[in-house]
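Chemist: Attaching a single structure in structure tokens format; questions to follow.
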Amino acid sequence: MLLGVNIDHIATVRNARGTTYPSPVEAALVAETHGADLITMHLREDRRHIKDADVFAVKNAIRTRLNLEMALTEEMLENALKVMPEDVCIVPEKRQEITTEGGLDVLAQQEKIAEFAKILTDAGIRVSLFIDADDRQIQAARDVGAPVVELHTGAYADAQSHAEQIRQFERIQNGAHFAGDLGLVVNAGHGLTIHNVTPVAQILAIRELNIGHSLIAQALFLGLPEAVRQMKEAMFRARLLP
């Protein structure tokens, strides 16, 4: 199983004081060295954390691959074609939200998503859609030509009871298997921590987890190398469990 380390909140800390540190590039390189299989960055329309220059700098520095999260807008499409990341994950975006609140509604935007997916694919960029684990959305993702889906794990991570967490986990598990049966590559992420990652990492249909906020939070106490190492180890151990 692959670990994508999202470095958005390195930029959040930097921007809080308007300094040049901590460096997203340095964070990306440290994460790579200690187990990250790819680096994920979300260039939001309001540029609240990652800036355009960060994306270019990280793309040019890393040895693994860049997964660029972006909204379904012409501006972001143009940026992606300039940066040429290995992967683009199209996500829903609202300016007033603190973080991404739900999955992309592919059913409501099939024509536009299909257009973007074709342009990116023709440019050699692999397209992923960040969606809820809903069979209709998963089928729509396949129909618009996206080869990859990233299942939104936020409801699982935020569940307020054990029963609700189990319900949300089963939804993710079933969605992952359904997507896999359709021939889609399945990733997952949002809200995952060292404490809740094990069940999700046990789902064999899921190839990759993208994790950011909790890793950066752990890094405040452990250091980024150890935070990445521990997460990677937790994912590895999960795959060994029966």
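Cβ from N, Cα, C; glycine included.
The 3-amino-2-oxopropyl phosphate binding site annotation in Swiss-Prot covers Asn6, Arg17, Gly191, Gly212, His213. Feature annotation from Swiss-Prot assigns 1-deoxy-D-xylulose 5-phosphate binding site to Asp8, His9, Arg44, His49, Thr99. Summarising the annotation, Swiss-Prot assigns active site, proton acceptor to His42, Glu69. Annotation comment: Swiss-Prot describes Glu150 as site 'Transition state stabilizer', evidence class sequence analysis. Positions annotated as active site, proton donor by Swiss-Prot: His190.
Just tell me what is around each of these and how deep it sits.
Modeler: Here the Cβ of Gly191 (3-amino-2-oxopropyl phosphate binding site) has 19 other Cβ atoms within 10 Å, regardless of which shown protein chain they belong to.
The Cβ of Asp8 (1-deoxy-D-xylulose 5-phosphate binding site) lies under 8 Å from the Cβ of Met41, His42, His49, Ile50, Gly212, His213, each of these being in the same chain and 6 or more residues away along the sequence.
Neighbours of His42 (active site, proton acceptor), defined as other CB atoms within 10 A of its CB across all chains, total 25.
Taking a C-beta cut-off of under 8 Å and a sequence gap of six or more, Glu69 (active site, proton acceptor) has these contacts in its own chain: Thr40, Met41, His42, Leu43, Val88, Cys89, Ile90, Val91, Phe130.
In the three-state DSSP classification, Glu150 (site 'Transition state stabilizer') falls within a strand. The Cβ of Glu150 (site 'Transition state stabilizer') lies under 8 Å from the Cβ of Cys89, Ser128, Leu129, Phe130, Ile131, Val186, Asn187, Ala188, Gly189, Asn210, each of which sits 6+ residues away along the same chain.
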Chemist: Can you check which residues sit near Asn6 (3-amino-2-oxopropyl phosphate binding site), meaning Cβ under 8 Å from its Cβ, same chain, 6 or more apart in sequence, and list them in order?
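Modeler: Listed in sequence order: Ile39, Thr40, Met41, His42, Gly189, Asn210, Ile211, Gly212, His213, Leu215.
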Chemist: Taking the residues Asn6, Arg17, Gly191, Gly212, His213, which the record names as binding 3-amino-2-oxopropyl phosphate, find the longest CA to CA distance and state it in Å to the nearest whole number.
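Modeler: Output for 3-amino-2-oxopropyl phosphate binders Asn6, Arg17, Gly191, Gly212, His213: max Cα distance 25 Å.
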Chemist: Give me the CA-CA distance between Arg17 (3-amino-2-oxopropyl phosphate binding site) and Arg44 (1-deoxy-D-xylulose 5-phosphate binding site), in Å, as a whole number.
Modeler: 19
